[in-house]
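Remarks on the structure that follows.
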Ligand SMILES: C[S@@+](CC[C@H](N)C(=O)[O-])C[C@H]1O[C@@H](n2cnc3c(N)ncnc32)[C@H](O)[C@@H]1O
């Protein structure tokens with residue numbers, strides 16, 4: 001089968017089978033033609049197909065040449081008009097002859113299509129067609145400080161490039177063919193280069209001195225801001241290793257503390273091999289301990305090996321909806337076999353209309369997450385179900401990280417644009433027991449490293465329900481219930497990147513969490529729950545399940561909390577549920593100045609009035625942690 005027949009089968013096959021165009025082509029073992037050639041023809045023809053459909057229909061090609069199918073006609077006419085070497089078939093091949101016979105008419109229709117779009121040259125038409133794909137993205141190159149410096153790279157890899165001041169100038173060079181670079185103003189050691197330049201053949205790339213990494217993907221390690229005093233750093237979801245090696249680069253510049261390591265978890269053994277290769281090439285293998293096939297969620301945060309873990313970077317699997325070029329293949333427009341003349345669809349070249357087209361929900365989309373799991377999203381409901389499953393896993397990872405006893409910094413990131421995987425996961429994490437007991441809070445914008453403090457694209461407050469603490473003006477009443485402040489404050493602390501806003505980045509989200517090491521550590525009296533989620537039974541969303549009187553059930557015993565309280569409370573202690581705070585608002589036990597329950601040497605709480613709870617001791621139930629959710 002020829003290149004054209006194979007490509008026609010791909011572009012007309014169901015796009016929901018086999019994932020993105022790239023994976024459908026490169027994963028197709030039956031292809032006879034080189035996959036790269038099939039991909040280039042499929043992609044470029046799709047990009048031009050709205051115009052080519054018009055040309056084929058208006059030239060009546062399909063009526064004249066009955067053996068041509070609509071898909072074949074678009075592919076062949078594409079190469080006839082736009083490929084440097086024309087149709088890639090021998091001159092006597094039937095398909096080539098069938099199209100070239102009508103060359104004059106086809107070219108005349110192409111000229112008419114161009115003029116209808118008010119493009120004075122073919123170059124101008126090409127630029128209009130490229131505009132369909134949104135702003136061109138620069139090549140982002142992170143200089144790996146373990147192996148090189150920006151100055152060294154400017155003198156070698158980027159010799160001959162012209163330095164400009166802004167990324168907008170770099171992006172604009174897509175149409176001029178100039179080779180431009182600029183030093184990024186947000187992330188240290190990051191360079192933006194003109195779109196379309198292939199750096200994978202350079203010596204620096206092969207040696208691991210430069211790493212191709214989108215600017216937004218550099219946010220998490222920079223926000224985590226790892227330092228020698230943080231002890232071991234966990235990268236919980238590491239492969240392919242962009243952020244693992246970035247962490248190593250930052251720590252290298254600051255100087256690793258004696259024995260300080262990066263512990264890199266990767267559940268997928270196959271992906272762990274890529275991680276190993278990347279870590280080795282980047283020269284960070286001596287400071288990185290890779291756990292191939294290890295599930296971060298199965299680690300015991302209190303295990304001695306994690307005693308000195310001070311910071312964790314969490315970049316879990318997500319829907320990947322922010323990734324540039326993952327499934328951005330333009331629609332393939334087929335000409336009508338009947339040859340009805342196309343209306344002069346000038347709107348197809350109007351970038352405004354094209355953008356609207358891209359944004360309108362596709363009839364059927366395939367979500368491909370980092371685990372390679374594909375979900376056909378044919379309805380809003382199917383998308384919501386997938387997002388809920390991802391968000392529940394992402395929240396679990398975050399709460400697990402909060403439980404590491406010495407941890408004081410955590411970053412949570414996704415390459416998703418969905419609030420369900422982003423702001424809402426952050427809000428749910430802040431509402432969790434483990435966050436409250438250990439004192440985790442968001443790293444405010446004014447506390448972030450300068451580059452991200454100044455980065456203007458922030459979280460979306462509208463994506464969040466009002467906080468329990470928030471008054472009707474939207475102002476937060478302070479920490480405590482809910483996520484401890486206003487929606488605006490939470491959103492301001494979150495960092496987003498928008499792939500459509502002309503800053504040349506992929507869609508991304510990151511938030512940082514910090515806590516005071518003294519609160520909720522191993523010795524903290526309040527921190528005696530069964531697991532990360534506290535002592536009460538919870539629903540799938542992590543909310544405490546209460547009965548009609550507002551009474552929670554204790555996980556360990558299966559008893560209603562009131563029954564236990566009845567068991568442990570002494571005479572005269574009145575506890576009211578469902579009306580807010582019991583008694584004076586602090587519960588029945590004595591508390592210290594910081595509000596923590598006072599316990600004796602055996603860990604038993606002391607009831608107000610001085611009585612230690614005997615029955616509780618008899619039951620052997622010393623897990624009681626008060627009334628806080
Ligand atoms: C978004 S990717 C990470 C990208 C990576 N941080 C980078 O910048 O190169 C998510 C990765 O997490 C891995 N993963 C998912 N769940 C995991 C778990 N429970 N424990 C460890 N790794 C996990 C997936 O296999 C996938 O390789």
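Backbone N, Cα and C define each Cβ position, glycine as well.
Matching 324-367, 368-411 against TrEMBL, the residues noted as region 'Disordered' span 324-367. Here TrEMBL has 237, 238, 239, 240, 241, 242, 243, 315 binding S-adenosyl-L-methionine, and the candidate from 253, 258, 266, 305 in that same listed site is 266. Apart from 237, 238, 239, 240, 241, 242, 243, 266, 315, the residues listed for S-adenosyl-L-methionine, the same chain places the Cβ atoms of 235, 244, 264, 271, 275 within 8 Å of the centroid of those Cβ atoms. Of all Cβ atoms in the protein chains displayed, 26 besides its own lie within 10 Å of the Cβ of residue 239 (S-adenosyl-L-methionine binding site). Among the binding-site residues 237, 239, 241, 243, 315, the residue whose Cα lies closest in space to that of residue 415 (active site, nucleophile) is 315.
For the recorded positions 237, 415, the greatest number of Cβ atoms within 10 Å around a candidate Cβ is found at 415. Counted within 10 Å of its Cβ, the other Cβ atoms near residue 243 (S-adenosyl-L-methionine binding site) come to 25, all protein chains included. The sparsest Cβ neighbourhood within 10 Å, among the listed binding-site residues (241, 315), is found at 315. This prediction places the mean pLDDT of the domain 'SAM-dependent MTase RsmB/NOP-type' (129-516) at 86.
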